[in-house]
Amino acid sequence: MSQSKPDTGNEIETQKQELIAALKACGAVRYGDFTLSSGKKSKYYIDIKKASTDPKTLKIIARQAALRVKEMGVGTVAGVELGGVPLATAVSLETGLPLLIVRKSVKEYGTKSRFVGDLRPEDRLVMLEDVTTSGGSVRDAIKVVRETGACVKYVITVVDREEGAKEKLKEADAELVPLVTASDLLK
């Protein structure tokens, strides 16, 4: 999606390098034996919670994601609990767009809603995700948002592990826009 990316290849590369340095500096990239939420085994782990709780790194993520959001023609920034919430909140603050939080399941008390924030059928949203592997969590969130009549065409992820999320989201008529890929990060 050329319209949602910064203007030049050099600018994109500069932004990637800035984010990669920040992710490594805050300890978000770890090596060892890990089991991912998808159930897959991995020799590395991207702990974006480290990044989203570090003000400097979160600000870099928010600024870079906001540049892309501004070109997407959306009116709401959404995040899936838990990992997407601080990211979407920061991007909401950076862009001035309203925030929507999508719960993974209906809560059994209070409003019993899967959503925190206003959601109308005419809304156009971008979803924020911390790390994408298979894209399963965000696909589920897109489905429940679309059931309300709202439109989700884009998902911005901080790191795409390049393990099928892009293709799965394309099948769901949504475009994955990674700030960096695992290949970028592990070079």
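For all residues, glycine too, the Cβ spot is worked out from N, Cα and C.
The annotation 5-phospho-alpha-D-ribose 1-diphosphate binding site is assigned in Swiss-Prot to R103, K104, K107, E129, D130, V131, T132, T133, S134, G135, G136, S137 on the grounds of sequence analysis. A sphere of 10 angstroms centred on the C-beta of R103 (5-phospho-alpha-D-ribose 1-diphosphate binding site) encloses 16 other C-beta atoms. Under DSSP, R103 (5-phospho-alpha-D-ribose 1-diphosphate binding site) is assigned to coil, being neither helix nor strand in the three-state scheme.
The annotation orotate binding site is assigned in Swiss-Prot to T133, R161 on the grounds of sequence analysis. In the three-state DSSP assignment, the secondary structure recorded for R161 (orotate binding site) is coil.
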Taking the Cβ of S134 (5-phospho-alpha-D-ribose 1-diphosphate binding site) as centre, how many other Cβ atoms lie within 10 Å?
19
May I ask for the distance between G136 (5-phospho-alpha-D-ribose 1-diphosphate binding site) and R161 (orotate binding site), taken between their Cα atoms and rounded to an integer number of Å?
13
